[in-house]
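J.: Once you've had a glance at the structure underneath, I'll fire off some questions.
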Amino acid sequence: RESDHRAWTPVTYTVTRQNATVQGLTEGKAYFFRIAAENIIGMGPFTETPKELVIRDPITVPDRPEDLEVKAVTKNSVTLTWNPPKYNGGSDITMYVLESRLIGKEKFHRVTKEKMLDRKYTVEGLKEGDTFEYRVSACNIVGQGKPSFCTKPITCKDEIAPPTLDLDFRDKLIVRVGEAFSLTGRYSGKPAPKVTWLRDDIVLKEDDRTKIKTTPTTLCLGILKSVREDSGKYCVTIENSTGSRKGYCQVNVVDRPSPPVGPVIFDEVHKDHMVVSWKPPLDDGGSEITNYIIEKKDTHRDLWMPVTSATVKTTCKIPKLLEGREYQVRIYAENLYGISDPLISDEMKAKDRFSVPDAPEQPIIKDVTKDSAVVVWNKPYDGGKPITTYIVEKKETMATRWVRVTKDPIFPSTQFKVPDLLEGCEYEFRVSAENEIGVGDPSPPSKPIFARDPVAKPSPPINPEAVDKTKNSVDLSWHPPRHDGNGKIIGYLVEYQKVGDEDWKKANLTADSCPETKFKVTGLTEGLTYKFRVKAVNAAGESEPAYVPDPVEVKDRLEPPELILDANMAREQHVKAGDTLRLSAVIKGVPFPKVSWKKEDQEVSPKADIEVTGVGSKLEIRNTVHEDGGVYSLTVENPAGSKTVSVKVVVLDTPGPPRNLQISEVRSDSCYLTWKEPEDDGGSVITNYVVERKDVASAQWLPISSSSKKRSHMAKYLIEGTQYLFRVAAENQFGRGPYVETIKPIKAIDPLHPPGPPKNLHHVDVDKTEVSLVWNRPDRDGGAEITGYLVEYQEDGAEEWTKFQTVPMLDCVVTGL
């Protein structure tokens, strides 16, 4: 049955074999088939084909591929191509099998195991000199078909063929500006040649307008929107290992010319005509100028009138003008390819212009000697008539009258050597021109000159040398030149050059900025090495340079510090209190050292003024006091070292107060004073002590001693019972110091002692609980009246005495026993 029908159609009823041929089917349609077995009992069940079958011709292996060709051979590879078989066997080609056989062997071997569908393959890895033949087979779903016919035996070697070149263009090509042009051709050669395009021997590269296209067999250079600069000799070169070929084409890109070059010169001006001239265009457009078109216009009208359109000269007469009117002229250049933009002249009035010549410009004076000078001038406008002579005049600067320098005519030369000048005088010169109309105005006077022999350039400076340097500057010094060239030396030019460079740089722009024979070159780079040279300059110019002998490396010159002490920095410096202390020293060293002042290794007092200059340092303390004394040190330090000096400063003053004033041995009329010397003697020896006393009831101190050199004194003549205060001060050559006083008053009395023991103690009566005692006065009362007697008792055998009472009389009754 057909796959799209349900009804089954019988094919045959009498088949006794296990196969059958079904005929009458339609090609391209799909069918199902079924079979049943039958015996005498009847027909069994049907068996169906599992899937539909499409009716078409039977599938076989493909035919052999066609046109197997060798496309390229090298010493180690072969490239082959082929076409598909005419008949694919009823099924798509699934791959190709390429085989090779080494000549001399029997079997073919498969070239690659890759599944090839491309009909081109390069066999690589071959040995130079080996010879192979090749064949190719096609495969489809059924299998591998017959192989193609074999190639001829192929030997592995590089194919060599010299280049050939076949051009499509001639030797010359003319192109209009803006148009495109191309140069094409064909070439061959093995190995494949390299193609190079050049214009005027310069290799061309692709850009917006230049297009280069090269295939294995063709070549093409295209230029879009050509411009004049595209003109030139074009060359194409093809080259391989066997040789090269070249093709040439002279391309001329043509255009209309550029405008004639101005300005338009009015060679002659008359009341009814003019003669003008101009210069040809800078660019003739690549084609010879065939014509100039000249037009004129009255400036009061807008209409341009033709003068001529048939001239190749660059001059033209403009006729038929009206006297007094102003005209303009315009000129076009023309070639085969068009007419240029115009060149338009300035306005010019039509009138006869014959007059006396104009005044020449200010003349220039040169080659001055003590008795002559050469006057040079430019030719002025001749007034329309040729100049016939020049008149040169001179006058001394302070004079008023001009004098002709010669009666002979001066022409055509525009310079004249004036003779007979007076040495040392200052002159001015002027020039007038003369034609047949008359003598024109004189020129402005020349610059004044002195009649003296010319100043020559000076000789070079002598012995330039580098005398100092820092990290960014070098100090130079030299001597004046031996010869000043008869002119005052204006100054010097200093130049420097970094070692390795070619150019010299100016350290000063003008000579007058360096009138002395020394100069500091600044702005240099630390660590670099420079050369230096110096030129002397006078009115005649610069001398030859004189060179500093050796290159100079720019860096700080290291010199250890040096101190040159002033007189006030002796080992010990005395200054009176209240005066000003000054310490100073001259300091040297490169670089300039760092300066620091110390006192006893501490910072100096804030009241000290410290000044540091480029040559030294100074410390100053005004209104000195004793505390300003001490050891002052000045330290200077730079990378090359350091140096320190010290000075002991003694501020001379009155001494301090004496110490530890003590009073001893007090009597009714005297006492003994002792003390210690002051801690500070004021910088001078203590000469004496001043001792004074004062009654506490009095306001006035009285001197006891003013010349004692000892540190003790016996104060006599005191009034017994009076209370006294004492004070002591020290004196040196600068005066008396402060006093030290006793803390509390001292009373003038003899010293007291305990009285002696009472005498003849005995009892006069005894009772059971009391005893009556009597005694006599002691021999001595100790220097004071006896105020009472202390009575004590002790039990026999005991150690301690028991106080009973103090009684004023010489008897006592002890009770409570």
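Using the three backbone atoms N, Cα and C, a Cβ is placed for every residue, glycine included.
All annotation found in TrEMBL is predicted automatically rather than curated by experts.
Got these off TrEMBL a minute ago, pasting:
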type   : residues : note
DOMAIN : 1-58     : domain 'Fibronectin type-III'
DOMAIN : 64-159   : domain 'Fibronectin type-III'
DOMAIN : 163-252  : domain 'Ig-like'
DOMAIN : 259-353  : domain 'Fibronectin type-III'
DOMAIN : 359-454  : domain 'Fibronectin type-III'
REGION : 457-480  : region 'Disordered'
DOMAIN : 460-557  : domain 'Fibronectin type-III'
DOMAIN : 561-646  : domain 'Ig-like'
DOMAIN : 657-751  : domain 'Fibronectin type-III'
DOMAIN : 757-817  : domain 'Fibronectin type-III'
J.: Can you tell me how the residues of the domain 'Ig-like' (163-252) break down into helix, strand and coil by DSSP?
T.: 3 helix, 58 strand, 29 coil
J.: How many helix, strand and coil residues does the domain 'Fibronectin type-III' (259-353) contain under DSSP?
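T.: Its residues divide into 0 helix, 50 strand, 45 coil.
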J.: Sort the residues of the region 'Disordered' (457-480) into helix, strand and coil with DSSP and give the three counts.
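T.: Taking the region 'Disordered' (457-480) as a whole: 0 helix, 14 strand, 10 coil.
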J.: For the domain 'Fibronectin type-III' (1-58), give the DSSP counts of helix residues, strand residues and coil residues.
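T.: So the counts come to 0 helix, 16 strand, 42 coil.
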